[in-house]
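*Asks:* Got a structure here, written out as structure tokens. Questions coming.
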Amino acid sequence: MSAATPMENNGPLIYIPVAVFLVACPLLVAIRFWSRVRNGGYAGADDYTILAALVCSLISDGLMIAACVYGYGHHVNDLSHENHMQSLKYFWLDQIAYKACLNLTKASILLLYLRIFGNVKWFRWLCTVLTAIVATYCAISVTVTIFQCTPVTRVYDKTVAGRCIDNSKFWFANAGFSIATDLVILFMPLPMVYVLQLPRVQKAALMAVFTLGAFVVITSCLRITTINQQATTYDPTYDIASTMWTVIEMNVAIVCACLSQIRPVIMMLFPKLMPASYSRDRSAKAPNNNSLAKLSSSPAKSVSSHWMVSGRHDDIALGAMRQMEGSSDEHILPEDRTMHIQKTVRYSVEYSRDEMNLV
């Protein structure tokens, strides 16, 4: 007798990325919190939000492992009805955790932006609006995922009579929203960084930190190419390429959100790219006798403002930036000393001898 042909199994498409990110994501989130404590600061809303995203990610990874145990990755014809039903049930639950994780990660990044650039009115307004949109969409997408079929059990047991939404359209809509918001979040801080007076290498490094989200956009685009196959296949437990990209997309988002916050480690590895401090004041020149006249006639033009992302014991100086003409925005530094924009305004005022003799 010939040996039995082993069943085809796409399970490794799930096991491998899950194994990698089960180590990487908790480690990076832990380093992020350690970095906060090391700087003498404390965790903010963005840190707790990424922690919630990590919890959802771990739940999702666990659910996918459970799905694979019941045969997810094998041909549907090779599975018993019970295993088929259980594997799809865990996949359904995974979709709920995935959507919550992805949107919590987006919210964490937006809350981080508020912490760093919150002194800029238009930027604060944009972050607040986007955070509200992401939170609303998160609630809607999770609800639709839970109740995509009537009755709910039809999601994983097609022998139950009922009806379901068109998963293909829903998944494409979700992917479209995810990519659109990722692109907005990706480019939001670049205008703020561009105007900073920094050496080119440091400015490029800072922009690279803020554009790490490009990797999430790439994985989202790769995932969208596989959605139609998984949504329309007659072998849903075997054609799981889209699920693989779902795992990668969700966890890469957490990795990218944390990499921008583990500065102490990056400094140890690449000290020349991210120096502990940097300051430059192009306006620090010897004052002339017309300083008072210049200050009184055009105060906005004579102000030199320095902005820095600030920690309690070591600051990341983002550089110097001129205050916009006509701007009267002045901000009190927030109590959070872990990460914020610090603005230092220097005025140079001189009095002539004749002015001192005025009665």
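Positions of Cβ are set from backbone N, Cα and C atoms, glycine also.
Remember, it's a predicted structure, so these values are computed and weren't measured experimentally.
Per TrEMBL, the feature domain 'Rhodopsin' maps to 31-266. Among the features that TrEMBL reports, transmembrane segment is placed at 12-35, 47-72, 92-113, 125-147, 175-197, 204-225, 245-270.
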*Asks:* I'm checking region-level scores; what's the whole-number mean pLDDT for the domain 'Rhodopsin' (31-266)?
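*Replies:* Its mean pLDDT is 90.
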*Asks:* Do any residues of this chain, six or more beyond the ends of the transmembrane segment (12-35), have a C-beta under 8 angstroms from a C-beta of it, and if so which?
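*Replies:* Distant contacts of the transmembrane segment (12-35): 43, 47, 50-51, 54, 57-58, 61, 64-65, 67-68, 72-73, 240-241, 243-244, 247-248, 251, 254-255, 258-259, 261-265.
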